[in-house]
There are 4 protein chains.
Amino acid sequence: MKKDIKKVVLAYSGGLDTSIILKWLQDEYKCEVITFTADIGQGEELEPARRKALSLGVKEENVFIQDLKDEFVKNYVFPMFRANAIYEGEYLLGTSIARPLIAKTLVEIANKTSADAISHGATGKGNDQVRFELGALALNPNLAIIAPWREWDLNSREKLLAYAQKHGIDIAKKPGKSPYSMDANLLHISYEGLVLEDPAAKPEADMWRWVKDPKEAPNESEIIELEFSKGDLCAINGEKMSPAQLLAKLNDLGVKHGIGRLDIVENRYVGMKSRGCYETPGGTILLKAHRAIESITLDREAAHLKDEIMPKYASLIYNGYWFSPERLMLQALIDESQKYVNGKVKLELYKGNVMVIGRESANDSLFSEAYCTFEEDSVYDQKDAAGFIRLNALRFIIAGKNGRKF
Amino acid sequence: MKKDIKKVVLAYSGGLDTSIILKWLQDEYKCEVITFTADIGQGEELEPARRKALSLGVKEENVFIQDLKDEFVKNYVFPMFRANAIYEGEYLLGTSIARPLIAKTLVEIANKTSADAISHGATGKGNDQVRFELGALALNPNLAIIAPWREWDLNSREKLLAYAQKHGIDIAKKPGKSPYSMDANLLHISYEGLVLEDPAAKPEADMWRWVKDPKEAPNESEIIELEFSKGDLCAINGEKMSPAQLLAKLNDLGVKHGIGRLDIVENRYVGMKSRGCYETPGGTILLKAHRAIESITLDREAAHLKDEIMPKYASLIYNGYWFSPERLMLQALIDESQKYVNGKVKLELYKGNVMVIGRESANDSLFSEAYCTFEEDSVYDQKDAAGFIRLNALRFIIAGKNGRKF
Amino acid sequence: MKKDIKKVVLAYSGGLDTSIILKWLQDEYKCEVITFTADIGQGEELEPARRKALSLGVKEENVFIQDLKDEFVKNYVFPMFRANAIYEGEYLLGTSIARPLIAKTLVEIANKTSADAISHGATGKGNDQVRFELGALALNPNLAIIAPWREWDLNSREKLLAYAQKHGIDIAKKPGKSPYSMDANLLHISYEGLVLEDPAAKPEADMWRWVKDPKEAPNESEIIELEFSKGDLCAINGEKMSPAQLLAKLNDLGVKHGIGRLDIVENRYVGMKSRGCYETPGGTILLKAHRAIESITLDREAAHLKDEIMPKYASLIYNGYWFSPERLMLQALIDESQKYVNGKVKLELYKGNVMVIGRESANDSLFSEAYCTFEEDSVYDQKDAAGFIRLNALRFIIAGKNGRKF
Amino acid sequence: MKKDIKKVVLAYSGGLDTSIILKWLQDEYKCEVITFTADIGQGEELEPARRKALSLGVKEENVFIQDLKDEFVKNYVFPMFRANAIYEGEYLLGTSIARPLIAKTLVEIANKTSADAISHGATGKGNDQVRFELGALALNPNLAIIAPWREWDLNSREKLLAYAQKHGIDIAKKPGKSPYSMDANLLHISYEGLVLEDPAAKPEADMWRWVKDPKEAPNESEIIELEFSKGDLCAINGEKMSPAQLLAKLNDLGVKHGIGRLDIVENRYVGMKSRGCYETPGGTILLKAHRAIESITLDREAAHLKDEIMPKYASLIYNGYWFSPERLMLQALIDESQKYVNGKVKLELYKGNVMVIGRESANDSLFSEAYCTFEEDSVYDQKDAAGFIRLNALRFIIAGKNGRKF
């Protein structure tokens, strides 16, 4: 029993799957479809999506195309990197972090156009459906959500193609189109499916689309300098740029030097394990550099507290809880820690390696040669250490004298 | 005012500093000195230490030399790697994890020889004094601890050398001896001091002693297979070996392929920041492989719980709390998680890169192609996801309907 | 579309609701119904449930009745109290902790009788459905689960009664039966519904069934002594008893002295807030006493670590994850901490108050008058504190000298 | 070897101990002493302290007396209660939270008067020395700190009295002065020493100075209503007052009804266990009420996150890290959560019991009868729960089908 929907905003890529969904929404729900196509740096032209939408009967005023690249990097990627977020020890959350922005824009367009529903092309087995829908429900719980993959019976490639042909949707594969299930944005590109469904199997060399094979990267290393302001990247090699430009530039550097490929098995929020391959060239560099600038500007206990809450923060983003009180609370904690994270980091890039070779902060370094030098100094009284150790050991001393064994 | 000490066990390397300490203990405390020299894989012969001790007047029965390599890897390194322990996002704890074993052996020898004190050559500014002393006090709180660096006035290189010469201790530098302050064991080698005291300065190329510069590593990659049993490495390329042999073999591989160099600024427990360079060739490979075998055998929430407590566990080891109730509690939690962590991981090593290219577990894989396939399946009902999302979003729905904004 | 079920094990109380379910299962699924009725200390006779089941056509060999009181206290309540578990600062988890035991016994009976499904009478809005089903699926994922409240259309009191009358089920209310939705076991009794659905409204005085109103409790206080062994209660006033007897005895004491009433709004796992009133007389005393015996026998950092993981542990139990790797991991951590938690606690009970008035441990006290006395002592050198403070402050000193403000 | 100090600001109570310190500082350091006496609600007149200081030779302009009661409650007590902070499950941190304010004011006066040191009367065994000194060093690391109890040899009551007599300091005990070591402020009063040094012994009835014995509290209960704004108490029974007035009023209520006595053994930061008795009448009521207003206004995961970080936050305060980056980070997290914590709580006070009997929030309640009712509803689809449970159980299902046992 279908809900009664009058207008739906569809997250529309212009590709085959979302074109089928567009048609299916029109047919099944008999509703007006509004398409939303975002440029978040996935590296595809958007005009073909507009033409396709129009050709499928979407009204001109119902085609929304937006460049979200700077918003994406400034309000999503950068805040996340302040936390040094990594999911399950490896994954830089490239897909996860883009979803709430899509959800937010879908809701904004729905509110503006008085639509009563949103729709997306994520399947019922993945994380993205959760991220889209939790985001949308947090921002406007009155919107209905249509997830065709969970509703329809087009549950195989064959049935999909048959449906497309029946409805006159072009099924010709784009030349060079990858057979993998992919996602891309300014932070990363990902691959799932096919041979990757066997975690013991190595992916084909030509699966990787962005980052050079380290073996084919230049034989000369390259030294770069990243500058940070309050924990955010603000300049590369002395050049200030917009957030999106900075990340694009870092991507170019990573791609060139074979940096940021990753092949993992991860745990999905919906319960199963899943193999994914990722390329996060700029993000991999950024994470290393951010940790390095923190290493001289962040207080020890601030750093440790960040590390302790990071896995939870990363899980929240992975699971789709960007718009949630708990993410905002953790973000407040993280942001509070970043006010002194200012300075420059020098890195050497070479065939897959990102090597920190220097860090400095004009005003905010807590590194004090006077205290750590192996030479004589006048600021630190080594005798203090005796009391420090003795009192830290006092609970062991008392326990031991009482016969307790460790 | 010196304590009245009759017999002291000294952690003795045979080098200049601990030889001076040996002499100083004899002179200042007028006590019998027992020397303890361990082979924990630092790559130095031990017999010279014996000869040196004897030449400084230590009685033959008071010279203790022990090969602790297997105990080190089996009871310290492996348990720590079960936790995927990393300090401050980067450091594999190579120095930290060896200290409790030294402390434990010092205490054992003191107990056996009825000594009333132990002594060590760690300075009053570093972490090692804390690790030695917390360990010793936890194991025998009745032993006195003599930390000459905190007591004497030999607080510069010059005074030390003068003292040595005055007491007939050979101060000739060994040919090729590094000018850096170093520590080495089967897990790693570390460097501090000199140019490293400026965090903006890159270390000299010849500082690094073990791992090949990635640029000079072979142009051909090498594929290896590591096998795990209950979370511990048990075979390399199908060959079972003792724990120490396994780690030594991994070190050879890492060294050859330029793997495991690290240059960081870290936060010491005694309060200051400190620059350190580390080479952990085998450990870097092991960590990557352990995460990979966990990725298919460990339950999601078990993995996340491990990640959440890891920073605390790593800090405990870094700070010297190996022998503590809280480390034992965390270890119990970690070990409980490892019973199914069995299987094999394939890795490709290439110029500093450790790339996972396959993982499998004959009996304990939780990866199920049936559940994650992009093809039609009969085990997963996509409609379940709707309810899952809806109830996870319920608190947002209620909040949103009450007008709360995120 | 109903699943094809041949035999189902029903958690059967003998009351109206589960009797209707029994009938409904027979009618709708045309399957053999096995009833399971447990004595977990809810304070009701079980024989009427047997008679009722037989009268509804259940075969004699299909009626299972078990006394689980000792297993409940020994393997569920006591392990949980080792953790000092409290949900949301207030709730002692009385309902939550009984559910996994019911689930486990349902699965055991299903395995024994080759049943292919289990069924329960929990509604689709509450936590108990989750607890039953997560427990059952963790123990035997091949069993089908029938949750009639989520399936049928008997979604109002009226329809239920009509169904009962139509099928000849006695709907006469037992005299004195509470109109509230209740749950009871040896640890607690709970109330939901009716006036409680307004969180601003005070419950009627006669809602409370067990614990005396503090105002009507005796004017004389009573002093009791509880003895613990490895963190578990083992004797009351010097008398050793079985776990269930101990808890029953504590309940009597709490009931008499008006101890353990609680009126809260809690957050359900399925997403909404819910008002509940609870009486946990013995548990309230036990928690206070357990903390008190820990206060002299547990190491400081062990205690703090327990406190830090407790909220997560409590949520796991509340949410139904008793049988999960993560609960087992946390339990391993907790149990590791309890080996020295031995000794006696004296408490004074008076009109709702549980006051600790003494604690002692013959062999495991870490309390040392020598160290904390205000008199002169010879074991603690107050000068140690200067170094302790100085090094703990070092990061502030360095930051402050660099101009950083707090 | 004494440091060369010209001017020192002493935390001065006017009592015997700090008067001796005053004299001792003048004599030993030959320095100018500035006294600082604060009213933080300890319930003692301050003018005698002024007279005493003047009589001991302190210059008129060097006597500082300040009323800090409102600052104390507004900027220290209230922020802490937003976190529901409890140390080791029991202690409301009454002493701990006052120390940073004293430290801050000492530093302010030192800065204003160009003093080069501060001094305090805390002993070398306790927590307070740490709290004073960490606070002071965080705020001005250039100040020297003089802790006479760690320096002098007046380490017994006898020697102290002899010193006092020798220097003409009046040693007559004030009539009614408690023999216990005490601390008091607007939040609490505490007792240590004497019979309390035996944790098995009950304190004398007349030790308690503030709160009525529950047995002597009124036989009639009293109902009160507390109102909260952004997590802070703002009115009692409809009457708005200043923070200090609110807490004073709550104290009166608690004192009258026998609320807030506590007798515990706690773990000091300097390593030993210590017995303390506390009376926190208003704070005990406030904590209960704050949790109750949160129970209807706070999101579930926000509440759980607060509970998870609370033990760490409480330890920070206990250990003296109020002025630290990590406390500020946690405070940012906590404060972010409190913006909707608005509303009223009704409590019944009776002989030591604080019973919540109602909570409401005009605009910010997340409690929705529509969702939790036992009656039929139209907002919640019970079938959603099936999918919710199924996907939450998926990891168990897969594990179980692979033969894994829990």
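Each residue, glycine too, has its Cβ placed from N, Cα and C.
Bear in mind that TrEMBL entries carry predicted annotations, made automatically and left uncurated.
Quick look at what TrEMBL annotates:
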| type | residues | note |
| --- | --- | --- |
| BINDING | B:Ala11, B:Tyr12, B:Ser13, B:Gly14, B:Gly15, B:Leu16, B:Asp17, B:Thr18, B:Ser19, B:Ala38, B:Gly121 | ATP binding site |
| BINDING | B:Tyr91, B:Ser96, B:Asn127, B:Arg131, B:Ser181, B:Ser190, B:Glu266, B:Tyr278 | L-citrulline binding site |
| BINDING | B:Thr123, B:Asn127, B:Asp128 | L-aspartate binding site |
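Annotated features, which come from TrEMBL, shown on the structure.
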residue: B:Ala11; record: ATP binding site; Cβ contacts under 8 Å, 6 or more apart: B:Thr18, B:Phe36, B:Ala38, B:Ile102, B:Leu106, B:Ile118, B:Ser119, B:His120, B:Gly121, B:Phe132
residue: B:Gly15; record: ATP binding site; Cβ contacts under 8 Å, 6 or more apart: none
residue: B:Asp17; record: ATP binding site; Cβ contacts under 8 Å, 6 or more apart: B:Gly121, B:Leu160
residue: B:Ser19; record: ATP binding site; Cβ contacts under 8 Å, 6 or more apart: B:Tyr12, B:Lys52, B:Leu56, B:Ala164, B:Ile169
residue: B:Tyr91; record: L-citrulline binding site; Cβ contacts under 8 Å, 6 or more apart: B:Leu262, B:Ile264, B:Glu266, B:Gly276, B:Tyr278, B:Tyr318
residue: B:Ser96; record: L-citrulline binding site; Cβ contacts under 8 Å, 6 or more apart: B:Tyr87, B:Asn127, B:Arg131, B:Ile317, B:Tyr318, B:Gly320
residue: B:Thr123; record: L-aspartate binding site; Cβ contacts under 8 Å, 6 or more apart: B:Gln129, B:Trp149, B:Arg150
residue: B:Ser190; record: L-citrulline binding site; Cβ contacts under 8 Å, 6 or more apart: B:Gly94, B:Thr95, B:Met182, B:Asp183, B:Ala184, B:Gly276, B:Cys277, B:Tyr278, B:Glu279
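Sequence-distant contacts of B:Ser13 (ATP binding site), defined as residues of its own chain at least six apart whose C-beta falls under 8 angstroms from its C-beta, comprise B:Thr37, B:Glu44, B:Ala49, B:Gly121. Proximity to chain A, defined as a CB-CB distance below 8 A, holds for B:Thr123, B:Ser181, B:Glu266 out of the binding-site residues B:Asp17, B:Thr123, B:Ser181, B:Glu266, B:Tyr278. Looking only at the binding-site residues B:Asn127, B:Ser181, the densest Cβ neighbourhood within 10 Å occurs at B:Asn127. Within 8 Å of the centroid defined by the CB atoms of B:Thr123, B:Asn127, B:Asp128, the record's L-aspartate site, lie the Cβ atoms of B:Ala122, B:Lys125, B:Gly126, B:Gln129, B:Val130, B:Arg131, B:Val270, excluding the listed residues themselves. For the pair formed by B:Asp128 (L-aspartate binding site) and B:Ser181 (L-citrulline binding site), distance between Cα atoms is given as 13 Å, rounded to the nearest Å. In the three-state DSSP reading, B:Asp128 (L-aspartate binding site) counts as helix. Following the DSSP three-state reduction, the secondary structure of B:Glu266 (L-citrulline binding site) is strand.
Packing around B:Tyr278 (L-citrulline binding site) is summarised by its Cβ count: 27 other Cβ atoms lie within 10 angstroms of its Cβ, all protein chains included.
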